[in-house]
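Asker: Got these off Swiss-Prot a minute ago, pasting:
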BINDING   ARG33, GLY243, ASP244, THR276  substrate binding site
BINDING   ASN35, PHE36, SER37, HIS38, ARG74, LYS155  ATP binding site
BINDING   ASN35, SER37, ASP67  K(+) binding site
BINDING   GLU220, ASP244  Mg(2+) binding site
SITE      LYS218  site 'Transition state stabilizer'
Amino acid sequence: MDRRTKIVCTLGPAVASADGILRLVEDGMDVARLNFSHGDHPDHEQNYKWVREAAEKTGRAVGILADLQGPKIRLGRFTDGATVWENGETIRITVDDVEGTHDRVSTTYKNLAKDAKPGDRLLVDDGKVGLVCVSVEGNDVICEVVEGGPVSNNKGVSLPGMDISVPALSEKDIRDLRFALKLGVDFIALSFVRSPADAELVHKIMDEEGRRVPVIAKLEKPEAVTSLEPIVLAFDAVMVARGDLGVEVPLEEVPLVQKRAIQIARENAKPVIVATQMLDSMIENSRPTRAEASDVANAVLDGADAVMLSGETSVGKDPHNVVRTMSRIVRFAETDGRVPDLTHIPRTKRGVISYSARDIAERLNARALVAFTTSGDTAKRVARLHSHLPLLVFTPNEAVRSELALTWGATTFLCPPVSDTDDMMREVDRALLAMPEYNKGDMMVVVAGSPPGVTGNTNMIHVHLLGDDTRIAKL
């Protein structure tokens, strides 16, 4: 059986060519991430075109995710591009626009001198370098280096515990969001989500642009952890972005936040991505550490829909080897491991139908579960149950097919609109009997809505034998 957990790859200089992206798709990339913290609009547009071309050449559904920078606080630029801060040194972080030196560098957060107070921590580059505020002098925050290390242009700064006042969407984010929607991306990821209301800000701009796509909440702030379930309900999917999360909340809490987020997302049929430093050592090395292999496998066994690669594919030495390695780890975890069953009891019609379809298919030892969907909702409700049976999803909507590239286990087929159950079964026969792994007489359990084409109308389970016009059950 094909790998069920999806792989998200961040695009960047290491794969910035038509051939590089085609090879990523062939290696196993399911979703391409355009990181708007780096690159410019022409770069992202070119990568977008290459992904669409690669998907067409391979016949695979490949989603494209635009990841907005969000109100990320960063250092400015250094005259020499980089420097190394040693323990005990005094560094001035200024809100003035200056060319950075070893001792003084600017920040993008213009209220820092107002908000900072002695004792506050400033963590640079996902916490690799640590500073403590000693005093504030005018526009400069005077800091002592308590954890030294290299720093370079535009590195991120986290301010754990500091009450900061930044909007959910910066002016840059709004420009990038409008550009990404016009470009045609399949998902928008919103960084540093703090409240369920943040989703409404994105939806407002989407409505102005006349195009709605799924919005992914990146869980990186303590406020998001506190409001985890309301945020999951307000957004279409979630990403456990462990880099910033691990410096904003105590490091030891991150594994349990990951497990809680996955559990809540599964209960609500929302796709969930686990991200950051999954195979980080492979940016430089040809093999991952044992801890990294365990990390990927545990994300799979927690029930994640997707695992994400960042610098490993965007700037790594051998991005193709990284994707193949991750795919092997995932496959082995899926083959010999087991995802815990959902303890959540469904109380909606669609939820109960999806549970029942899974149970019927497994009890009858069917060859596969088949879902017909116009919105993707039916497929997501079946996928969250993590059946050992293949999940084959038919949709007449190209955008939904791309969206389901992020959903666990979903193998998608684009089909013409169907008008009744007989049409559905003909489409199933046409597609599956052309595949070597399926034969006439194979049993399929089909879950769909009747009449077809009505969003949110999942109300039918149908047991079908491939190539057989006689329906043996309709429940």
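Just so you know, glycine gets a Cβ as well, placed from its N, Cα and C.
Thinking about packing and proximity, how do these listed features fit into the structure?
Answerer: All protein chains considered, the CB of ASP244 (substrate binding site) has 23 other CB atoms within 10 Å.
Classification of ARG74 (ATP binding site) by DSSP places it within a strand.
Sequence-distant contacts of ASP67 (K(+) binding site), defined by Cβ-Cβ distance under 8 angstroms and a gap of at least six in the same chain, are ARG33, LEU34, ASN35, PHE36, SER37, ALA189, SER191, LYS218.
For GLU220 (Mg(2+) binding site), the same-chain residues 6+ apart in sequence whose C-beta sits under 8 angstroms from its C-beta are SER191, PHE192, VAL193, ALA241, GLY243, ASP244, LEU245, GLU248.
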Asker: Grab the ATP binding residues from the record (ASN35, PHE36, SER37, HIS38, ARG74, LYS155) and give me their largest CA-CA distance in Å.
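Answerer: Comparing all Cα pairs, the maximum is 16 Å.
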Asker: Around THR276 (substrate binding site), how many other C-beta atoms are within 10 angstroms of its C-beta?
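Answerer: Taking every protein chain into account, the count is 20.
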Asker: Tell me the Cα distance separating THR276 (substrate binding site) from ARG74 (ATP binding site), rounded to the nearest angstrom.
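Answerer: Computed Cα spacing between ARG74 (ATP binding site) and THR276 (substrate binding site) is 18 Å.
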